[in-house]
Amino acid sequence: MASTEELLKSALEQNQMLLKQLNELMVQNKLLSEQIAYLSHKMYGSHSEKLTPAGQTSLFTEPEQTGFQSEEPEVVSGDQVKTRKPKRKRTEIIGSNLPVQEEVFRRLSDKCEHGHQLDTVGKHFVGEEVRMIPGRLYVAKMYQETYKCPECEKADGDSHMYQAPAPKPLIAHSIASASLVSEVVYQKYVLGTPLYRQMGYWKNQGLALSDKTMANWMILCAQTVQPVYNLLHEYLVHEQFLQGDETPYRKQCSTGRLDKTI
């Protein structure tokens, strides 16, 4: 029969084992509770349609450099000194490919206050600024000049008519031009502006386009460049490695409701 000391030792060992199991269960319970809270928030919490890729910094964390910011170091607390980011040079802001147009301001009178003729000796640089001319639309009415040969008509009595060659339209019997369709595509796929929102923009420009019309333009133009796409696809499938972003997203209709995931 086991002694009292042996029974006490066995009870202590069993107690330690139970305490260890209890601690493990408490940790597991905490992890499961955190997972349930996270999943509940994802499923029932408020959502936003804004997509912020991982690792992307904010576009508005730094103020615009207007030239009036102080370049003095900023004291945070104690001996810590937070130096400001050096101001970018103007040559780093303005692209070298932008055209430059000089403007010279001249006096209304070329006489001095005593009535003498003034001679130009130079010009003083005042400053520079970047200006923008908004895109404008215009209607291009295209005609083919028609010709006739009077000598041939005298020879056989028949009319000999000729016309100058004309370029083939991008889309037959349509007002769409390459520049117009490219702007629609740019606004949709580069700027992320849906077609139904572009309707208001084009209406303000004097062109009443529907979203269906613009969609048909892009479909027809896509069919036009399909051979180029096929050629690029042939080169693509012969590569050893391919990378792509297959993240799904939901498309929003003009009615405001979310449509199917694409």
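Glycine is no exception: its Cβ is also placed from the backbone N, Cα and C atoms.
Keep in mind that TrEMBL annotations are predicted by a computer and have not been checked by a curator.
Noted in TrEMBL for the protein shown:
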type   : residues : note
COILED : 1-35     : coiled coil
DOMAIN : 32-101   : domain 'Transposase TnpC homeodomain'
DOMAIN : 111-153  : domain 'Transposase IS66 zinc-finger binding'
REGION : 65-89    : region 'Disordered'
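The average pLDDT computed over the domain 'Transposase TnpC homeodomain' (32-101) stands at 66. Secondary structure of the domain 'Transposase IS66 zinc-finger binding' (111-153) per DSSP, as helix, strand and coil residue counts: 4 helix, 5 strand, 34 coil.
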